[in-house]
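Chemist: The structure under discussion is supplied below as structure tokens; questions concerning it will follow.
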Amino acid sequence: MWWFQQGLSFLPVALVVWSAASFVFSYITAIVLHHVDPLVPYISDTGTIPPERCLFGIMLNISAFLGMATMYVRYKQVYALNPEKSKIVKLNKFGLTLGLMSCFGLCIIANFQKCILYYIHVVGACLTFGVGAIYMLVQTVLSYLMQPEVHSKDIFWIRLTTLLWCCSSIVSMFVSSVVLYSGLYGTNLVQKLHWDPQEKGYTAHIISTVSEWSLAFSFLSFFLTYIRDFQKISLRAVVSLHGQTLYNTPQSFVTDEQTLLVAGSI
């Protein structure tokens, strides 16, 4: 059995690989059709003009679905491991809420393009990466609280490092974007897809785009740390019949929740 076939580890693997592919394929398509400059365009710029816009949208929608599934499984895992620790349970629920908001923001990015509905696109970006960064923080804190009984110290430090990478990318992108769109280098720069290295504001533009790519991959890298955790989780469906036909309505339903045991330490 390959490592990605163990448990549910294929979920975070699929999320990372598919999301990275959506960025790369859209970028290659936009470059081949000369819709953007080859040197580090904005990720959103590579999904602005058809046909790459169609590819970008449908692939990111699938990424949002994979993200929700991954975050929900992570929520159930943490709850199963700490059912009696109220602090961890509350923090875990808060983390799931943040994660679902982040995935909803990714759907907004996928369906509201930057050059068409800019402000809605920005709201989606803030939900995806801003709220997503808080989700990463919550998961890092949970990793700290669950060590050393459940988590090793190594996984906590890896997640903390990835979180710091993400936060530094957010700060760099925010500062460079504020400078770029302050009006010092012209107006309507949001619609600009081609840049000349001799233009004013080119340096701020490059810093902003590099920061955005760095932010995206730091965000994806965080989910790679779930692989080992998810290798120790299995999923099965339990069918419980309440009647001999599908047409009669039972008087009462009793739902039994089964807890899957996770062997060993994570």
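Easy rule for this one: first residue shown is 1, then count along the chain.
Glycine residues also receive a Cβ, built from the backbone N, Cα and C atoms like all the rest.
Where the annotation comes from TrEMBL, it is an automatic prediction and has not been curated.
According to TrEMBL, the protein has these features:
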DOMAIN    8-233  domain 'CWH43-like N-terminal'
TRANSMEM  12-35  transmembrane segment
TRANSMEM  55-73  transmembrane segment
TRANSMEM  94-112  transmembrane segment
TRANSMEM  118-145  transmembrane segment
TRANSMEM  157-182  transmembrane segment
TRANSMEM  202-227  transmembrane segment
Chemist: Select the range from 55-73, 94-112, 202-227 that forms the most Cβ-Cβ pairs under 8 Å with the transmembrane segment (118-145).
Modeler: 94-112
Chemist: Should the transmembrane segment (202-227) and the transmembrane segment (12-35) be scored as in contact, given a threshold of at least 3 Cβ pairs under 8 Å and pairs 6 or more apart?
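Modeler: Stretch pair touches.
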Chemist: Within the domain 'CWH43-like N-terminal' (8-233) only, compute the mean pLDDT.
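Modeler: A mean pLDDT of 91 is what the model gives the domain 'CWH43-like N-terminal' (8-233).
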